[in-house]
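A short write-up of the structure that comes next.
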């Protein structure tokens, strides 16, 4: 759908062009572009400041039903927490009846449950009290895709880790303790990065700044990496993989690494494009490698 503009209005683009004419397309569903295949204009863009003449054609696209990022995050993170606990407590119909409501004889299984639960409780609390989102919503269909990913992998991992026939890691206590140190170190690092990123953006603002290391040593990785939150996230799941020595966990870690690399590269390119003085030594996710 196209809209004509005579260059005499200085109000934000989406507010002027669509809201009054088509109230069923609430602002979150709107994408206004100068080119049909171009990027969406920002809500704060003003018509008279855009690279157009006295007249211009704007292209409108309906983004479909939207849902808030907070709702999606809470849903996709609460699922793995509850699903994993169902396997851990061995509720009926998962394993043979004789194992219903029994507990594992291996202490690493209990430790793994605590670590997995800690991770997702942390994510839920960060969603509620730490994260600030530049975009308030995402397409509704994403909640089904995201929940399938997180919930499905949680069930797959939990089934094998809590299985009555599960066997502990090859190198026993030493391997588990080393894995726990890696896991906790990276969880603290991930939280530290989220706090640092949150402090870059005042409440209600969409201001973007270059993230730099703070006094917190866990943020010093910003010297070498653009998205250290993903670096620490990867480290956490590598630690969990080492702790459980479980193939589904390793596969989840690999898939997550691939996806986070895609996100990190996109974020890195965005930083380079937006900030001319962006530190040249930084890599997207792994220092000097990737």
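Including glycine, each Cβ sits where the backbone N, Cα and C put it.
What TrEMBL annotates here:
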type: DOMAIN; residues: 19-62; note: domain 'TECR-like N-terminal'
type: DOMAIN; residues: 137-290; note: domain '3-oxo-5-alpha-steroid 4-dehydrogenase C-terminal'
type: TRANSMEM; residues: 67-89; note: transmembrane segment
type: TRANSMEM; residues: 148-166; note: transmembrane segment
type: TRANSMEM; residues: 178-197; note: transmembrane segment
type: TRANSMEM; residues: 218-235; note: transmembrane segment
type: TRANSMEM; residues: 247-266; note: transmembrane segment
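By the count of Cβ pairs under 8 Å, the stretch nearest in packing to the transmembrane segment (148-166) among 67-89, 178-197, 218-235, 247-266 is 67-89. Across all of the domain '3-oxo-5-alpha-steroid 4-dehydrogenase C-terminal' (137-290), the predicted model scores a mean pLDDT of 94. The list of residues near the transmembrane segment (67-89) in space but at least 6 beyond its ends in sequence, with Cβ under 8 angstroms from a Cβ of it, reads 101, 109, 113, 116-117, 120-121, 123-124, 127-128, 131, 133, 135-140, 142-143, 146-147, 149-151, 153-155, 157-159, 161-162.
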